[in-house]
Amino acid sequence: MRVHVADHPLITHKLTVLRDESTPSPIFRALTAELMTLLAYEGTRNVRVEPVTIRTPVAQTQGVRIGKPKPLVVPILRAGLGMLDGMVKLLPTAEVGFLGMARNEVTLEPTTYAERLPEDLADRQCFVLDPMLATGGSLTAAIEFLFDRGAQDVTAICILAAPEGLAAVEKALAGREVTIVLGALDERLNEHGYIVPGLGDAGDRLYGTV
Ligand code: PRP
Ligand code: URA
């Protein structure tokens, strides 16, 4: 598994405002989308492309276009939905599938409550979006789901992660073709399974408490 922590002052600046508890939902949503676009640049570094020949007004030349089969972007509901627009802006030809997962706040175990994905993901390159990698349970379950359907390789893009959760994902998915791109690697998890310093509950801050 490869892990890449983005290191850019624009990302750190936007993350600082995102973390701030006084940042209201509309700004939080806008910043999540902007951060996603910046992280997508790194997260799509290995996107498959195929050669194409074009003519400029001056000469014929070689370029590339996004390859086939189309990449599949999978936001993890709810909070991952806040990252979708930022991703498809950079990868407009991608298809989008959905996984709904909720973490039990007592046991911290994830349950899958919704799924809308192609049955066969053979040879598909998948990009999973979830802002928070805390214990790692949700991300591990999501990635295993995609591999069980035949996905070829999976890149997960998360805004924040805890070291404990990252280690758990690495252990669970050892030997798999997985890349994880992070906006920041935080200090730790607290006793409630929240990332510290983190940003609180990403889903609630994006969409309100349910
Ligand atoms: C959050 C977050 C991740 C998960 C991370 O979702 O978006 O999916 O928790 O925690 P883990 O690494 O310990 O599994 P949550 O379950 O709160 O659902 P929501 O997006 O609907 O708020
Ligand atoms: N889910 C969140 O939204 N935030 C955390 O800190 C941990 C899990």
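All residue numbers here begin at 1 and follow the chain in the order shown.
Including glycine, each Cβ sits where the backbone N, Cα and C put it.
No curator has checked TrEMBL annotations; they are predicted automatically.
Here the structure is a predicted model, which means the values were calculated and not measured.
Summarising the annotation, TrEMBL assigns domain 'Phosphoribosyltransferase' to 5-209.
In this structure, Arg78 (5-phospho-alpha-D-ribose 1-diphosphate binding site) belongs to neither helix nor strand by DSSP; it is coil. According to TrEMBL, the feature 5-phospho-alpha-D-ribose 1-diphosphate binding site maps to Arg78, Arg103, Asp130, Pro131, Met132, Leu133, Ala134, Thr135, Gly136, Gly137, Ser138, Asp201.
For Ile195, Gly200, Asp201, Ala202, the entry in TrEMBL reads uracil binding site. Classification of Ala202 (uracil binding site) by DSSP places it within a helix.
Following the DSSP three-state reduction, the secondary structure of Ser138 (5-phospho-alpha-D-ribose 1-diphosphate binding site) is helix.
Of all the binding-site residues in the list Ile195, Gly200, Asp201, Ala202, the shortest Cα-Cα distance to Arg78 (5-phospho-alpha-D-ribose 1-diphosphate binding site) is found for Ala202. Taking the C-alpha positions, the distance from Ala134 (5-phospho-alpha-D-ribose 1-diphosphate binding site) to Asp201 (uracil binding site) comes to 11 Å.
Each of the binding-site residues Asp130, Asp201 was scored by other CB atoms within 10 A of its CB, and the lowest score goes to Asp201. When the binding-site residues Asp130, Met132, Gly136 are ranked by how far their Cα is from the Cα of Ala202 (uracil binding site), Met132 comes first.
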